[in-house]
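Have a look at the structure below, then the notes.
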Amino acid sequence: MILLIDSGNSRLKVGWLDNGAREPAAVAFDNLDPHALGDWLGTLSRKPTLALGVNVAGAERGEGIRAALAGHGCPVHWITSRPQLLGLRNGYTQPAQLGADRLVSLLGVRSRLAQTHPPFVLASFGTATTIDTVGPDNAFAGGLILPGPALMRSSLARGTANLPLADGPVVDFPVDTHQAIASGIAAAQAGAVVRQWLAACRHYGCAADIYVAGGGWPEVQQETERLLAQAAAIAGAPPLPAYLDRPVLDGLALLAAQPDPQSL
């Protein structure tokens, strides 16, 4: 059994590949809890022989994960960004600078597609929101990074004297502070998605598919789908965003299925 580890800024998500079979559902922990992974490993009836993962939570957290796995006799191999990964080309000026979770999640989306596929946009709404585009040629064209919905909200509350930690509906014309903040956050997130979708449509000359992921998606789903519908007047009917529960783990599973995953 090979463990699949997605170590993000807020959450640690774990899956596995066992004789070609995937986990029925990912296991998620608070990534600030140093004992959660080790405690969970102690409950397993079958011990993993290898862990394959990506870590964007820093070297200290990566070492904590390594130590927890080592305590159960399981080595970990961290996937890092590089110019090409299983045919997915990394268009970053400095390929190693691209977050490994972003590259692997794009690989996870591509693993679902036919060999010939339209361009696609993947928007992941976590602590940070990333919106990345891949062309029909399997080349990562580039992407955006912005604060995620929760980080936008908490930043306003922390960085200003009079703004609350808002909880309000998204409306066209907000008439109180909670509405104004909630609507502004949704507009910023949705507007960024639509911007990148339109850019992909123009660049490739055809409609791009849209995939979404992350815990922040429900908060911005309605606004994103509404703005995409409005954008249809410009670029043709937009696709309904397809939600993916764990694209990073999907990409790691594809890597784990290779003959020698530790060489990747």
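Note that Cβ sites are derived from N, Cα and C of the backbone, with glycine treated the same way.
Keep in mind that what you see is a predicted model, and the values were worked out from it rather than measured.
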Candidate sharing the ATP site with Asp6, Ser7, Gly8, Asn9, Ser10, Arg11, Leu12, Lys13 (per Swiss-Prot), from Thr80, Thr93, Thr116, Thr127: Thr127
From binding-site residues Gly99, Asp101, Arg102, the one whose Cα lies nearest Asp6 (ATP binding site): Asp101
Spatially closest candidate among Gly8, Ser10, Leu12, Thr127, the listed binding-site residues, to Asp101 (substrate binding site) (Cα to Cα): Gly8
Residue among binding-site residues Leu12, Ala100 with least C-beta crowding, 10 angstrom cut-off: Ala100
